[in-house]
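Lifted from Swiss-Prot, the feature list:
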TRANSMEM  7-29  transmembrane segment
TRANSMEM  34-56  transmembrane segment
TRANSMEM  83-103  transmembrane segment
TRANSMEM  112-132  transmembrane segment
TRANSMEM  146-166  transmembrane segment
TRANSMEM  222-242  transmembrane segment
TRANSMEM  287-307  transmembrane segment
TRANSMEM  310-330  transmembrane segment
TRANSMEM  354-373  transmembrane segment
TRANSMEM  377-396  transmembrane segment
TRANSMEM  409-429  transmembrane segment
TRANSMEM  439-459  transmembrane segment
Amino acid sequence: MAKLARASALQFGANVTQTFVGAIITIYVINELGVGAFGIFALSAALVKWASIPAVGIRGAVITRMNESDDISPSEYFTTASVLTGAIILVGLLALLGYSPFVEQYLDYSGTQLVGGMFVSNVSFRLVLGGLRGENRVEMSSLYEALWGILSSLVKLALVYTGVGVDALFYGEITSSIVIGIFGVYSLNISFVSPTRSAAISLYSWARYGWLDNLKRMSYSWLDTIILGFFVSTSLVGIYEVAWRISALFVLLPTAISKSTFPTISSLRDTDKLNKVRRILTRGLSVAGVLAIPGLVGSVLVGGDILALYGPSVSSVGVAVSVLVSLSVVRLVECYETLVMQALNALDLPDRTFRIGVIFITTNIILNVSLIPMFGVIGAAIATLLSMTLGSILAVRALPKAVQTLPPVSAIGSQFVSAGAMAVVLFTILNYRPIGQPIEVVLYVLAGATTYGFVLLSLSSNFRERVQQLLSESLG
């Protein structure tokens, strides 16, 4: 468990670093270029993610298969996956360039080549990270992921400062993927060998189901953005993406836990140790909402002030705060769904995840297509919330009986009570002195977080023990 705690802590630290650095750069970029330029990049990123779905399925298969002990070596798996991914990249790139007039009209941006470059470099880099996770080197993968985010942000900052414009956002992603990807390849403990048919079949047997879960993830994260691009301006798409990225902070902890526990749960699925899997899942669920619950409260009280940091192109739009609050609710549900779905994937139950994926994707498409034309960006948030809630219920019901666990009501209740105390403190301070300067936004958020943390530590002995255990195991 010590190794698992260290891996989770490092993954969480990497996610926090990447998110905060990215947020600072995003604030600068939007203030310089406007939220419309950021909306163009968000739509481009959505296209890249959707084009990457087949490759993501291969990457998931690599992580799972390299963790297994069978007659096929990790080197065979990774090499074969590299060849398959290369073929996917070629097809996707040809399609993207072949339909470039339509793509440029949709994006309102004449830079299809840069979109293609981001697609190629991102897919390749993510495969390398998958190889490291397949070797159960979560710490190394987390480190490279954080470095990727930092380098990408710094390149964007430098190029925007020198007047490159929206192209800078693409160059940042491409440069970082290439540079950090090269270091990642050299860190792999595998040799490149001839691809084998048996490895391809084994990868396919997992990916044919696993890709649908990835499609589900993409549907959750990017389908609303794609559909918004047909009905609203790039500025509104940019505002939606800003709110989505702010609320992303709330799911950093469950994301880190799920990534770190995946190899461990995967290694236990063929044994009689499913009770251990249940304990891992219960522990994860007890802390999954630690950031999302106070984050939701904070978005209601100071969400408008946080959005004001991004400049008038964001804060002047009346719907911006409502979008942030709505997406904060979505993120709260996602915290718990993430852990349960990752457990299903790690337990190698592709038939169950397949059914959940089909239902989620169908529901999400129908709701987005129905609600976005009527309610715009708010409709996208509502559609995502309803789809995620349904997916969470189905995921819990799909868990094997030996793994199913009751929700840790006491732990979650303590988090809500602590968030309530935080709300009282923040509301009192805001009534006494409303926020007037950007630095006050940071100070008020820190005051709220401190209040929440102290109250939670005093109320929840289990959370206090978890923190002490994590610090002990991570530092020891």
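In case you wondered, yes, glycine gets a Cβ from its N, Cα and C as well.
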Exercise. So are the transmembrane segment (377-396) and the transmembrane segment (34-56) touching or not, going by 3+ C-beta pairs under 8 A with a sequence gap of 6 or more?
Worked result: no
Exercise. Would the transmembrane segment (112-132) and the transmembrane segment (34-56) count as touching if the test is at least 3 Cβ pairs under 8 Å, pairs 6 or more apart?
Worked result: yes
Problem set entry | Cβ contacts under 8 Å made by the transmembrane segment (354-373) with residues that lie 6+ beyond its boundaries | 209, 212-213, 215-216, 219-220, 223-224, 227-228, 231-232, 341, 344, 379-380, 382-384, 386-387, 390-391, 394-395, 398
Exercise. Cβ pairs under 8 Å with the transmembrane segment (222-242): which stretch of 146-166, 310-330, 409-429 has the most?
Worked result: 310-330
For this session: Return the stretch with the most CB pairs under 8 A relative to the transmembrane segment (287-307), choosing among 34-56, 83-103, 146-166, 409-429, 439-459.
Result: 409-429
Seminar exercise, completed: Lying 6 or more residues past either end of the transmembrane segment (83-103) yet within Cβ distance under 8 Å of it, the residues of that chain are 47, 51-52, 54-55, 58-59, 112-113, 115-116, 119-120, 123-124, 127, 195, 200, 203
Exercise. Is the transmembrane segment (34-56) packed against any residues at least 6 beyond its ends, judged by a Cβ distance under 8 Å, and which are they?
Worked result: 26, 85, 88-89, 92, 95-96, 103, 106-109, 115, 118-119, 122-123, 126-127, 165-166, 169-170, 211, 214-215, 217-218, 221-222, 225-226, 229, 233-242, 310-311, 313-314
Problem set entry | Long-range neighbours of the transmembrane segment (146-166), counting only residues six or more past its ends (CB under 8 A) | 13-15, 17-19, 21-22, 24-25, 28-29, 32-33, 37, 40-41, 109, 111, 125, 172-173, 175-177, 179-180, 183
Exercise. Which sequence positions outside the transmembrane segment (310-330), separated from its termini by at least 6 residues, show Cβ-Cβ distances below 8 Å to it?
Worked result: 26-27, 30-31, 34-36, 235-236, 238-240, 242-244, 246-247, 250, 292, 295-296, 299-300, 303-304, 376-378, 381-382, 384-385, 388
